[in-house]
Amino acid sequence: MTNIRKSHPLAKIINESFIDLPTPSNISAWWNFGSLLGICLILQILTGLFLAMHYTSDTMTAFSSVTHICRDVNYGWIIRYMHANGASLFFICLFMHVGRGMYYGSYTFSETWNIGILLLFSVMATAFMGYVLPWGQMSFWGATVITNLLSAIPYIGTNLVEWIWGGFSVDKATLTRFFAFHFILPFIISALAAVHLLFLHETGSNNPSGMSSDLDKIPFHPYYTIKDILGLLLLIMVLMLLVLFSPDLLGDPDNYTPANPLNTPPHIKPEWYFLFAYAILRSIPNKLGGVLALIMSILILAIIPLLHTSKQRSMMFRPLSQCMFWLLVANLLILTWIGGQPVEHPFITIGQLASMSYFSILLILMPISGIIENHLLKW
């Protein structure tokens, strides 16, 4: 068995990635989220495939086809809610994974980090298009508002929006193409994830101390496979608690009303995992400025490696930087809350302050903390 594992061309790749992979002996549970993201992706592809067998991407029948899945298809309701809530867990794991990378300085693996950012954008695009497919009120108006942001691009904006819509408004053509892209993107994400792992295995994993762990490596299997199974069981438990007890907890009640272009919902808002970016978008009165801030709120991750001023890689032994990191986390929670609130006083002011804080912490306070810590350690 050992010989086949180490000699067969295909088995050798699996062996070097998941079995005999030399792994630092001190990585914590924060390193569990990579494998959980892989599980989430597989789960989403499988549930999505079964949903696509019964879904129709036509404005006249999309909403009723989703109802049909929930009422008439065998276990359709559980597949539908596993897919919807699976997306929420996917994003929870994503945010934890990115946060861990920022805290422990994993962004110094520049190729792995940049492909990770590309993966984040791809998953966000997929989730947005998936939210449009049930063709409820929030699906329709969410699609209208978000695609309309492209009209802020000077000169070509309006043409670009109409090209994406396939007409003069969000309609049948838009829904059909969103379904096509929503179906193909997870496979592109899978390919990107494989490249993400390829680059990670070129350097080996980082560890909480941020120091080289070449002296102390252990095989991935059985030590971390068994550790990952615990994370997997917890993930499935949380997912099934959500699906079986409160499947609509994270959804919007407006999406149970069929899409109506003549009736605008009082508060148009995206799913909870986009609310932080939506709050940043809304905090700037200018349309183009808001769109740029929205893009930069994610793209700022790409310049984090350039802003690393500390002589230590990880934040494990840097209390000042730790304070800044947790301040950023609290700030993101405030932005998420504000994104779901109506545009009125005092939420507008809180949103603007939180948006300013978000960019200030990342661009100014964190690099300054690193410099101060270097001086305190007389480096």
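In case you wondered, yes, glycine gets a Cβ from its N, Cα and C as well.
Feature annotations, reproduced from Swiss-Prot:
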TRANSMEM  33-53  transmembrane segment
TRANSMEM  77-98  transmembrane segment
BINDING   H83, H182  heme b b562 binding site
BINDING   H97, H196  heme b b566 binding site
TRANSMEM  113-133  transmembrane segment
TRANSMEM  178-198  transmembrane segment
BINDING   H201  ubiquinone binding site
TRANSMEM  226-246  transmembrane segment
TRANSMEM  288-308  transmembrane segment
TRANSMEM  320-340  transmembrane segment
TRANSMEM  347-367  transmembrane segment
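Mapped onto this structure are the features recorded in Swiss-Prot.
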residue : record                   : Cβ neighbours (10 Å)
H83     : heme b b562 binding site : 21
H97     : heme b b566 binding site : 20
H182    : heme b b562 binding site : 21
H196    : heme b b566 binding site : 21
H201    : ubiquinone binding site  : 14
Tertiary contacts of the transmembrane segment (33-53), as residues 6+ beyond its ends and Cβ separation under 8 Å: 69, 79-80, 82-83, 86-87, 89-90, 93-94, 96-97, 100, 130, 182-183, 186-187, 189-190, 193, 228, 231-232, 235
Tertiary contacts of the transmembrane segment (226-246) (same chain, 6+ residues out, Cβ under 8 Å): 29, 32-33, 35-36, 39-40, 78, 81-82, 85-86, 88-89, 93
Separation of alpha carbons, H196 (heme b b566 binding site) and H182 (heme b b562 binding site) (Å): 21
Among the ranges 77-98, 113-133, 288-308, 320-340, 347-367, the one whose Cβ pairs under 8 Å to the transmembrane segment (178-198) are most numerous: 113-133
